[in-house]
Amino acid sequence: MEEEPLLAGSINQGSGDYGAHSESCLHYPDEHTPRSRRLSYSVTDDSCNVEEDADADLYVQQAVVFIEDAIKYRSINHRVDSGSLRLYRWYYSNLCQWGLGLTIAVVLALAFIERPSSLTYTSDIRVKPKPWEPPCGMTEGIEIVCLCIFILDVTAKGYLIGWEEFRMNKWLLAYLIVITASVIDWMLSISMLCDENLRVRRLIRPFFLLQNSSLMKKTLKCIKRTLPEIASVILLLALHICLFTMIGMLIFAKSDDPKQNGEWQTYFRNLPKALSSLLVLLTTANNPDVMIPAYSLNRGYSIFFILFSVFGTYLLMNLMTAIIYNQFRGYLLMSVQTSIIRRRLGIRAAFEVLCCPGRGHTSTQAEGHVERVAVSMFLKVMERVHMKSYCRQAIVKAARRFPDGFISGEDFQRLFNELDKDFVKEHPPKPEYSSSGLQHIQYVYSHYYISVLGNAVALANVICICTVLVLNAEKSASEKNYFYMEIINCIFILYYLIEMLLKIVAFGWKGYLSYRNNIFDGFLTVLLLAIQIVIFITFKIPYVDVDPVPRHVMALWEMIRLVNMLIVFRFLRIIPEIKLMAVVASTIVDLVKNLRAFAGILLVVYYMFAVLGIWLFQGAISPPSNMSLVSNSSLENITGPYSMECGTFEQLEYWPNNFDDFASSLILLYNIMVVNNWHVFTDAYARYTTDWSLVYFVVWWLTSSVMWVNLFVALILENFTYKWDRSNGLSVEDVERIAYQSTVQLMFKEHVKEPTEEELLAQLHQHPHLHLSW
């Protein structure tokens with residue numbers, strides 16, 4: 001994931017006095033020039049030759065930081081003096097960044113224990129006990145510690161980039177405003193003894209997560225630019241719904257015959273009801289319910305609903321998916337372009353600062369500009385760079401191959417192409433045996449068909465379990481005969497154990513563990529064997545003589561059920577053996593690895609809507625005062641907003657779905673995002689509160705189900721298409737290696753325009769703290 005860039009906005013050429021303190025390498029512009037950078041850093045042949053030894057470590061330190069910036073796609077526009085670079089590296093160290101991430105997680109998790117607390121075993125408002133409420137000052141104390149850490153965070157960022165750049169960075173200014181607002185709201189809470197009804201800071205807490213990720217900010221920017229195209233389709237959808245609403249109200253108008261008023265009474269009674277009915281039909285959540293009253297009178301009425309669904313659900317909604325895919329892919333490509341430029345710029349900056357004369361270099365004397373870097377100096381830098389060990393080894397290995405001992409600018413850039421590649425583990429060689437028997441075992445159990453046989457045995461085991469489950473489906477735990485099931489399990493587990501041991505003999509211990517499939521199989525086999533031994537020791541043999549005490553029977557059944565679940569789970573070993581399934585599994589892994597930013601923004605949206613839902617609807621739905629798990633028929637005589645009609649909130653017993661605490665709010669929002677029966681929630685909250693509550697749910701549906709789900713589908717298509725195209729012509733064993741180049745940047749590499757050397761040098765000239773002159 002890209003880390004937070006210290007400068008995302010434009011660069012002010014007249015920024016203040018931030019730079020290196022080594023006077024031998026300083027470049028002094030005209031002192032009469034307003035806002036000149038008197039301490040800006042420059043590299044010139046004469047000055048660097050004077051105090052070469054004193055400045056050598058600074059140059060190396062600068063190159064190290066610039067390379068680390070390139071690795072993480074960070075901006076290089078920060079201070080470059082020795083003290084600032086040490087602070088900068090400490091700030092972006094794993095310890096500091098993990099600490100900041102933990103702080104963000106803690107401040108977001110406070111919503112689960114703050115009032116209204118989610119610390120109950122159930123969210124069903126009929127039986128929900130009174131939750132534990134933290135004493136006043138407990139969560140506030142944790143929160144103020146987190147806010148102090150955020151203050152230190154924004155202070156460090158402001159110092160490292162300088163005030164001129166800080167005030168032009170909208171994200172950092174917003175960060176400062178959010179911290180200030182949170183502190184003020186926190187002080188109000190303390191002054192009111194935690195008895196306030198509204199905590200504004202809860203709504204803006206997700207900003208801390210958002211601002212800490214460069215990828216999230218880029219994704220949000222892409223979504224913002226895609227909104228106009230999405231809005232045009234939403235407007236067309238609104239026109240489509242309104243048009244069919246008016247036609248529907250004309251077709252299904254109230255008749256003098258009460259028997260023909262079923263459609264009007266239920267779905268087209270008034271304009272808001274008709275609009276909401278067709279909006280829900282657009283998501284197919286109430287299909288064919290909305291059509292049945294009219295369809296039962298005349299089959300011709302079905303044409304109206306079919307036309308509405310065809311044009312709305314299947315044309316316009318899929319058109320929106322296509323637009324989101326097309327537009328967002330373009331903007332994501334622009335974001336990737338920016339990331340590539342940052343990487344190239346950071347690497348070029350490292351090359352330039354290492355080109356100071358006098359430290360193992362060559363230069364073009366006609367121009368006085370250094371063109372090459374000594375390999376020895378480069379290796380010294382690479383020893384101090386924090387990066388993945390396999391990338392470092394690959395880069396160092398490639399650098400040692402230069403015959404003349406020098407690296408040009410183009411070769412310097414090319415060395416770091418290894419950063420885009422994931423590590424592909426090489427399997428260790430098989431052990432050599434002198435015994436013919438062991439050699440025969442090695443030949444047989446290292447063959448591909450042994451894996452096929454193992455998959456067939458696993459399939460047979462699953463089929464046996466399914467057969468037993470079908471035969472015992474109607475039996476209780478005390479009625480089941482566990483003897484035959486355990487005999488079957490023991491036979492298969494014994495085969496799994498023998499297979500594992502012989503594979504270890506064939507591949508060797510290290511070779512066996514070098515395959516992820518073997519690790520998966522071996523772990524489950526050992527676990528199954530351990531559970532089976534526990535069953536033998538605890539319940540003895542035969543199982544038909546198990547003590548009929550229900551407690552013992554249930555304990556045995558639970559352990560056997562655990563064994564069966566592990567055996568079924570072990571059957572997932574077939575996924576890497578089938579090419580299409582391997583590609584799908586690889587796509588899922590890449591989505592988790594590369595698209596975390598999208599999940600992060602979805603978390604932000606969920607968090608904000610959950611807090612807003614608590615504000616608007618907390619306690620809105622409540623069961624009858626004398627209700628305690630009463631039957632459905634007892635509600636029929638109760639007046640008020642309650643309804644026991646078929647398909648209503650009360651009849652379906654959706655009581656656990658509410659906005660009475662943060663955890664239940666998240667679950668309710670998820671249920672609405674899935675859109676199955678989401679009209680049940682909108683109808684209930686409209687009855688218990690007001691019809692305007694529909695606005696909240698429609699906005700959530702548009703945000704989550706329409707925009708975000710379509711966006712996620714589009715990105716899955718892009719990722720899968722990329723993987724599938726690269727997998728054509730590969731064998732099953734090679735599919736796993738597709739992940740060797742699987743970053744988002746490389747997905748769009750062929751469409752990205754590489755920056756030219758002139759463009760990179762021009763941007764380096766605009767660096768606010770590093771003034772390079774040739």
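Just so it is clear, glycine is given a Cβ too, placed from its N, Cα and C backbone atoms.
Taken from Swiss-Prot, the feature topological domain 'Cytoplasmic' applies to 1-92 (among others), supported by sequence analysis.
Within the same chain, residues 3, 119, 134, 139, 142-143, 146-147, 149-150, 153, 202, 205-206, 208-209, 212, 386, 607, 610-611, 662-663 sit at least 6 positions outside the transmembrane segment (93-113) and bring their C-beta atoms closer than 8 Å to a C-beta of that stretch. The transmembrane segment annotation in Swiss-Prot covers 93-113 (among others).
Look at Swiss-Prot and you will find 141-161 (among others) tagged as transmembrane segment, backed by sequence analysis.
Residues or ranges marked as topological domain 'Cytoplasmic' in Swiss-Prot: 162-170 (among others). Mean pLDDT, taken over the topological domain 'Cytoplasmic' (162-170), works out to 87 on the 0 to 100 scale.
Within the chain, the transmembrane segment (171-191) has long-range Cβ neighbours (under 8 A, six or more residues past its boundaries) at 8, 137, 140, 143-144, 147, 150-151, 154, 157-158, 199-201, 204-205, 207-208, 211, 217. If you look up Swiss-Prot, you'll see 171-191 (among others) marked as transmembrane segment, on the strength of sequence analysis.
The transmembrane segment feature in Swiss-Prot is assigned to 198-218 (among others). Taking Cβ pairs closer than 8 Å, the transmembrane segment (198-218) reaches residues 1-5, 8, 73-74, 100-101, 104, 107-108, 110-111, 114, 143, 150, 171-172, 174-175, 178, 181-182, 185-186, 189, 335, 338-339, 596-597, 600-601, 603-604, 607-608, 611-612, 615 in its own chain, all 6 or more past its ends.
Here Swiss-Prot flags 217-221 as region 'Interaction with phosphatidylinositol 3,5-bisphosphate'.
Broken down with DSSP, the topological domain 'Cytoplasmic' (219-232) shows 14 helix, 0 strand, 0 coil. Annotation source Swiss-Prot lists topological domain 'Cytoplasmic' at 219-232 (among others).
Sequence-distant neighbours of the transmembrane segment (233-253) (same chain, 6+ residues past either end, Cβ-Cβ under 8 Å): 263-264, 267-268, 271, 274-275, 278-279, 282, 294, 301, 304, 307-308, 311-312, 316-317, 319-320, 323, 702, 706. The transmembrane segment annotation in Swiss-Prot covers 233-253 (among others) and rests on sequence analysis.
The annotation topological domain 'Extracellular' is assigned in Swiss-Prot to 254-267 (among others) on the grounds of sequence analysis.
Summarising the annotation, Swiss-Prot assigns intramembrane segment to 268-292 (among others). Residues 237, 241-242, 244-245, 248-249, 252-253, 301-302, 305, 308-309, 312-313, 317, 647, 675-679, 682-683, 691, 694, 698, 701, 705 of the same chain, all 6+ positions outside the intramembrane segment (268-292), place their C-beta atoms under 8 angstroms from a C-beta of that stretch.
Counting only same-chain residues 6+ beyond the ends of the transmembrane segment (303-323), those with a CB under 8 A from a CB of the stretch are 229-230, 233-234, 236-237, 240-241, 244, 247-248, 251, 278, 281-284, 287-288, 290-291, 294-295, 706, 710, 713-714. What Swiss-Prot records for 303-323 (among others) is transmembrane segment.
Marked as topological domain 'Cytoplasmic' by Swiss-Prot: 324-452 (among others).
Residues annotated as transmembrane segment in Swiss-Prot: 453-475 (among others). Sequence-distant contacts of the transmembrane segment (453-475), counting only residues of its own chain at least 6 positions beyond either end whose CB sits under 8 Å from a CB of the stretch, comprise 484-485, 488, 492, 495, 499, 521, 564, 567-568, 570-571, 573-574, 577.
As annotated by Swiss-Prot, topological domain 'Extracellular' applies to 476-486 (among others).
Within its own chain, the transmembrane segment (487-507) is flanked in space by residues 430-431, 438, 441-442, 444-446, 450, 454, 457, 460-461, 464-465, 468, 514-515, 518, 521-522, 524-525, 528-529, 532, 560, 563-564, 567, 570, which lie at least six positions past its ends and keep a Cβ under 8 Å from the stretch. Feature annotation from Swiss-Prot assigns transmembrane segment to 487-507 (among others).
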For the intramembrane segment (659-681), sequence-distant contacts whose Cβ falls under 8 Å of one of its Cβ atoms, 6 or more beyond its ends: 111-112, 114, 116-118, 120, 123, 125, 128, 131, 276, 280, 283-286, 606, 609-611, 613-614, 616-620, 647-649, 652, 697, 700-701, 704-705, 709
Annotated stretches the transmembrane segment (597-617) and the transmembrane segment (519-539) touching (3 or more Cβ pairs under 8 Å): no
Three-state composition of the topological domain 'Cytoplasmic' (508-518), taking helix and strand from DSSP: 8 helix, 0 strand, 3 coil
Same-chain residues near the transmembrane segment (697-717), Cβ under 8 Å, at least 6 residues beyond its ends: 223, 230, 234, 279, 283, 317, 320-321, 324-325, 328-329, 587, 591, 595, 598, 602, 605-606, 609, 669, 672-675, 678, 681-682, 685
Close approaches to the topological domain 'Cytoplasmic' (219-232) from elsewhere in its chain (Cβ under 8 angstroms; 6 or more beyond its ends): 210, 320, 323-324, 327-328, 331-332, 334-335, 597-598, 601, 707, 711
Intrachain neighbours beyond the topological domain 'Extracellular' (254-267), with Cβ under 8 angstroms and 6 or more residues off its ends: 273-274, 277, 290, 293-294, 296-297, 301
Within-chain partners of the topological domain 'Extracellular' (682-696) [C-beta distance under 8 Å, separation at least 6 from its ends]: 272, 276, 280, 612-613, 616-617, 620-621, 641, 643, 648-650, 654
